[in-house]
Amino acid sequence: ACNCNLHARRCRFNMELYKLSGRKSGGVCLNCRHNTAGRHCHYCKEGFYRDLSKSITDRKACKACDCHPVGAAGKTCNQTTGQCPCKDGVTGLTCNRCAKGYQQSRSPVAPCIKIPAINPTSLITSTEAPAGKCSAY
């Protein structure tokens, strides 16, 4: 018998797997649906992650990663947490915002750049005329 967690309508018998399981199960699910994969449709296919608030038999047990097209370094997320791989300076589950200390840039390669540190002493080293007195040109 096959245990496809209600995600497949068909399965096939595999004698080799049956022997390896100690003659307990040789069933392999075919055409897993609802974004599931595996011999028993028991994990999420690439590009999806497991919603642990739902049973594995639920049609919505696997959620799309939805990694941000600019902020993420790929489309595949962690199968357990749903965390997308973020580019440097980018944060969030889907890599949709700049991390602390970073600001948004216009570059799709580096969407978040480090905020430059302002040196307070560099602000008083002016050689211009004192405030209030304008020079005529």
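A Cβ is built for glycine as well, from the same backbone N, Cα and C atoms used for every other residue.
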Can you tell which of Cys86, Cys98 TrEMBL lists as bonded to Cys95 through a disulfide?
Cys86
In TrEMBL, Cys84 is listed as disulfide-bonded to which of the following: Cys67, Cys98?
Cys67
Could you round the CA separation between Cys95 (disulfide bond) and Cys65 (disulfide bond) to a whole angstrom and send it over?
11
Between Cys67 (disulfide bond) and Cys98 (disulfide bond), how far is it from one CA atom to the other, in Å?
14
Can you give me the Cα-Cα distance between Cys84 (disulfide bond) and Cys98 (disulfide bond) in Å, rounded to a whole number?
14
Under 8 Å by Cβ from Cys77 (disulfide bond), same chain, sequence gap 6 or more:
Gly47, Tyr49, Cys65, Cys67, Gln83, Cys84, Pro85
Return only the integer: C-alpha distance in Å from Cys98 (disulfide bond) to Cys86 (disulfide bond).
10
